[in-house]
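**Student:** Copied straight from TrEMBL:
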| type | residues | note |
| --- | --- | --- |
| ACT_SITE | Asp392 | active site, 4-aspartylphosphate intermediate |
| BINDING | Asp392, Thr394, Asp815, Asp819 | Mg(2+) binding site |
| BINDING | Asp392, Lys393, Thr394, Glu496, Phe537, Lys560, Arg594, Thr674, Gly675, Asp676, Arg789, Lys795, Asn818, Asp819 | ATP binding site |
| COMPBIAS | 1121-1142 | compositional bias 'Basic residues' |
| DOMAIN | 15-81 | domain 'P-type ATPase N-terminal' |
| DOMAIN | 858-1112 | domain 'P-type ATPase C-terminal' |
| REGION | 1121-1148 | region 'Disordered' |
| TRANSMEM | 75-93 | transmembrane segment |
| TRANSMEM | 276-298 | transmembrane segment |
| TRANSMEM | 318-344 | transmembrane segment |
| TRANSMEM | 889-910 | transmembrane segment |
| TRANSMEM | 922-942 | transmembrane segment |
| TRANSMEM | 972-991 | transmembrane segment |
| TRANSMEM | 1011-1029 | transmembrane segment |
| TRANSMEM | 1041-1064 | transmembrane segment |
| TRANSMEM | 1084-1105 | transmembrane segment |
Amino acid sequence: MFCSEKKLLEVERKVKANDREYNEKFQYADNRIHTSKYNILTFLPINLFEQFQRVANAYFLFLLILQLIPEISSLTWFTTIVPLVLVITMTAVKDATDDCFRHKSDNQVNNRQSEVLIDGKLQNEKWMNVKVGDIIKLENNQFVAADLLLLSSSEPHGLCYIETAELDGETNLKVRHALAVTSELGADISRLAKFDGIVVCEAPNNKLDKFTGVLSWKDSKYPLNNEKIILRGCVLRNTSWCFGMVIFAGPDTKLMQNSGKTKFKRTSIDRLMNTLVLWIFGFLVCLGIILAIGNSIWEKQVGDQFRSFLFWKEGEKNSVFSGFLTFWSYIIILNTVVPISLYVSVEVIRLGHSYFINWDRKMYYSGKATPAEARTTTLNEELGQIEYVFSDKTGTLTQNIMTFKKCSINGRIYGEVQDDLGRKTDITKKKEPVDFSVNSQAERTFQFFDHNLMEAIKLGDPKVHEFLRLLALCHTVMSEENSAGQLIYQVQSPDEGALVTAARNFGFTFKSRTPETITIEELGTLVTYQLLAFLDFNNIRKRMSVIVRNPKGQIKLYSKGADTILFEKLHPSNEDLLTLTSDHLSEFAGEGLRTLAIAYRDLDDKYFKEWHKMLEDANTATDERDERIAGLYEEIERDLMLLGATAVEDKLQEGVIETVTSLSLANIKIWVLTGDKQETAINIGYACNMLTDDMNDVFIIAGNTAAEVREELRKAKENLFGQNRSFSNGHVVFEKKQQLELASVVEETITGDYALVINGHSLAHALESDVKNDLLELACMCKTVVCCRVTPLQKAQVVELVKKYRNAVTLAIGDGANDVSMIKSKRTLTQWGMLHTWSPRGAHIGVGISGQEGLQAVLASDYSFAQFRYLQRLLLVHGRWSYFRMCKFLCYFFYKNFAFTLVHFWFGFFCGFSAQTVYDQWFITLFNIVYTSLPVLAMGIFDQDVNDQNSMDYPQLYQPGQQNLLFNKRKFLICMAHGIYTSLALFFIPYGAFYNAAGEDGQHLADYQSFAVTMATSLVIVVSVQIALDTSYWTVVNHVFIWGSIATYFSILFTMHSNGIFAIFPNQFPFVGNARHSLTQKCIWLVILLTTVASVMPVVAFRFLKVDLFPTLSDQLRQRQKAQKKARPLHSRRPQTRRSSSRRSGYAFAHQEGYGELITSGKNMRAKNLPPTSGLEKTLYNSTSWIENLCKKTTDTVSSFSQDKTVKL
């Protein structure tokens, strides 16, 4: 508590380098982290306190206290304490195990080694012993121990490179640079030891992208920002060494400041169970009141007549008070209608389902050795109820691996394959790719199938050479050589990597750069260009340019960018070429390729000098600096000569088309939320069949004001619903119930397929309170929704909108840090042992894909896997099975407990409402935790109506979960009625059979103990037969558990009624010899048989008639499985049709502003090449073409069912 109060008071931090004594007076936290909750002394009290905060546990503790009161307890204390202790012990063991892992993780991190400057020399210290103000030395590939102020590094200008995947999920390298005054310290230990600068900065906070502070040293002050800070959790890359001063340590670091308490998601079945438990408790109270009133009446009218025979004093017992005590007695007896084992069983079943996901080999991605992982155990059944999927595009639907596929140069397309007659054909495996073996610098994984481009290069086509020269010069790529002498590119965006690699393979190899020069190898000849200016990319310009002087002295401007922007800058003489290239771009865009236009300009030396002088003046200006620079860029980037265009493929992941088709057939709506440009998102939508040319209409909302957006939505709704429908005018906000009723009515009237595409700026207006209902109404009527250029916050807002007003179960899937807000964290345990929590918004279920953008989405997710196609199996197989199993489990569980408990209610009318139990107390104790626990667990874990292949082949099987048909309030009432009927049969059939009956030996049968044993035996057999009828999928485990439970019952029964155990515990086992006496008589077994038949036959008859007269799709498939166990029909491949497309720009460029300035400053130029680092320099591009990828895909078998929806048996 003291530490937390101290932190609240900390407004700013003051740290002095190399002075622990000075810093200790501020009581800053050390570098030890604690994410564990308990220790040996605190585990028991804290864990018990946490467990009894749960309503169920507190309820059973209350019952236990009641049972300790002799006046009202008709059951001994062990009937409640045994199951309660068992549940609490199991939960405590689980919590202790989890905390052991946290301790282990903490110790692993705290005991890592760092080199710390102490007393003038470097010493190895554990991380937990590092203090604020210490100076630490980091080496290449080391994790950063604390939040550091970078002092110096091995790189020029005090630069260092870091990887921040643990913080933001991004794997591309970030640059940090030290102050010039401290970078001079270098690696001189004596100078570093004398460094006594004082840093005054902000207090600890969780803002990863912001830092403000001031360094005071040698009577001067130097401002500090985020570019000078290296955060804990980063990894030093491509930098031999660096020194840093600890600013924040341990819990004060920004990484740990982002940790928080676990927030658990609850499923709709959880919420329904809580409601039903309240219903049951109310039902229990009603039963107690009825029996209490009966007891009062009985005491008044009957009890007084024989009280004298019991040696009671007249008038000692009041009938009303007796009824009051009886109420509590029956609350104790009937409490098993809400068994404590229910909650434990649910958690065990969910744990089993999670392991099935983890163990599923069909969701294992061998390419990265990545299995599927269920990162939570509480949401499995909700995977079977998904109605909306919100998906990122890049890296989720696509691979985020860019491959150069085609180009248009001087009006001719290169990259297409033609047959002998000159007709365009598809690429097949038999087609030979271009042979790049003569080029020693070529990237071996690069494939290109059009040999005409190589012929043009060999023939010396000047336009082709200029085109490839531009690709090799106009970029921000950095190059280096590894130890094997191979050229390695460090790319800031995968688009650039694809273009530079293509130029490299065609003989124009980018070799190296300095702040003033760019060196390339042109067809074997090294050529050095003087870099005169770099006109950097930004999201407004949507282009980048370089101005270079070639060895002949000519000045050239090379530019690449969005066609819509660059075409406006062309010289009028390019009109014919522009028309031809525009047609080519339309073709490329129609194939879903990402395009860039390519152009150049020859510059006059005098003109360039004048322009460069103006640029220098603008750079030193204090007023309107950015505007003046932008104007000069516009000035020189005009009258360009068009060279052509590039087409890069961001490959669809394998199986995306099949997955999207299958999920659509399952009535799951897919919304794509992406930061990419509208044209690119639309192209990908067409490529993966979310959008089709067969759609009735695709509505595009692109208004720049709220009024424009409202008008576009109104027109779209008029088109969708027709003119005769009245709409809200955008100013009426529906109540939730009215909104849902309207949407459900309208949805039934919509015919045809529609899609909605909306831009980020339009979405910002559409999410306003007076428009969002119109947006939601329109979007939910569309088959597909694509939101482009959206921010992470907007992604979360869209998900929240659907969650709030549609009352539908949602799932969000993504692979990057920008997807975290819509995925939302449940619990994320990183290697730091910390728990992440994120935005309060987010989907019901978050799925992370371990792709090219780091692990942040995975760390924030509930489920993770490596490929989008596994979503189909996760939902249609594991999700549907989990929902199916959980519903069957709950139906059976409530049924058997009503049947078990309500016998006491009927018995009350025959025992004077005395709260006498009808069963042996040990039977009451063991019924739920021994006799019936394992069979229902086996059914809940292993049962399946149809196998996994049929679940995938027939997505329509998924719809009952969406409609919540298998377990709801109506189903609960049916289970309740079933249980009540069974309890009536269990009580009244033995009661009637025993009434005035005699045994085979002529003795009376109607003693209490024989009656109790007969009913208990009947109950165990009835519920076992019932679960056998409920089980659809038999395994060895089911057989062992069901029949083993019956055997266990009889073995325990005979043991507890034996003479031996009675001799040891005479007070605890009073039913001595009864089992042997009762169960050796034939009439008892006939009663048990009659009871079983009477209880089960109505169910058998009803189910037989239902399956025969009204079979569901699941029933039909189950019959088909039985009839065709061996042979499975082969499904025909669905033909892939190429789509003709209207003109759509495919421009998309994943580039960030600022790298041009970094290159021209020379700060990121290294003095020497470093050896390669731990897998960072990976080959970025996959050589397999998209067409070949499609050929490998398995066909979607749902087509067979969609063509013939009647399954013939």
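Placement of Cβ uses the backbone N, Cα and C atoms for every residue, glycine included.
Tell me about the setting of these features in this model.
**Tutor:** Counting every protein chain shown, the Cβ of Asp392 (active site, 4-aspartylphosphate intermediate) has 29 other Cβ atoms within 10 Å.
Sequence-distant contacts of Asp819 (Mg(2+) binding site), defined by Cβ-Cβ distance under 8 angstroms and a gap of at least six in the same chain, are Asp392, Thr396, Pro792, Lys795, Ala812, Ile813, Gly848, Ala857.
Within the model, the domain 'P-type ATPase N-terminal' (15-81) carries an average pLDDT of 82.
If one looks beyond the transmembrane segment (1011-1029) by at least 6 residues along the same chain, the residues whose Cβ comes under 8 Å of a Cβ in the stretch are 892, 895-896, 899-900, 903, 918-920, 923, 927, 931-932, 935-936, 939, 982, 986-987, 989-991, 994, 1042-1043, 1045-1046, 1049, 1053, 1057, 1071, 1074-1075, 1078-1079, 1084, 1087-1088, 1091-1092, 1095-1096, 1099-1100, 1103.
Residues 899, 978, 981-982, 985-986, 989-990, 993-994, 1005, 1010, 1014, 1017-1018, 1021-1022, 1025-1026, 1029, 1078 of the same chain, all 6+ positions outside the transmembrane segment (1084-1105), place their C-beta atoms under 8 angstroms from a C-beta of that stretch.
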**Student:** To the nearest whole angstrom, what is the C-alpha distance linking Gly675 (ATP binding site) and Asp815 (Mg(2+) binding site)?
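**Tutor:** Per the Cα atoms, Gly675 (ATP binding site) and Asp815 (Mg(2+) binding site) stand 13 Å apart.
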**Student:** Report, as numbers and ranges, every residue of the chain located at least six residues beyond the transmembrane segment (276-298) whose Cβ falls under 8 Å of a Cβ in that stretch; write 'none' if there are none.
**Tutor:** 56, 319-320, 322-324, 326-328, 330-331, 334-335, 337-338, 894, 905, 908-909, 912-915, 969, 972
**Student:** Would you kindly give the Cα-Cα distance separating Asp815 (Mg(2+) binding site) and Arg789 (ATP binding site), rounded to the nearest Å?
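**Tutor:** Computed Cα spacing between Arg789 (ATP binding site) and Asp815 (Mg(2+) binding site) is 17 Å.
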**Student:** In Å, rounded, how far does the Cα of Asp815 (Mg(2+) binding site) sit from the Cα of Arg594 (ATP binding site)?
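**Tutor:** That comes out at 20 Å between the alpha carbons.
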**Student:** What residue among the binding-site residues Arg594, Arg789 has the most other CB atoms lying within 10 A of its CB?
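**Tutor:** The residue with the densest Cβ neighbourhood is Arg594.
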**Student:** Counting other Cβ atoms within 10 Å of each residue's Cβ, which of the binding-site residues Phe537, Gly675, Asp815 comes out lowest?
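**Tutor:** Sparsest of the binding-site residues Phe537, Gly675, Asp815 by Cβ contacts within 10 Å: Gly675.
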**Student:** Run through the domain 'P-type ATPase N-terminal' (15-81) and tell me, per DSSP, how many residues are helix, strand and coil.
**Tutor:** 31 helix, 2 strand, 34 coil
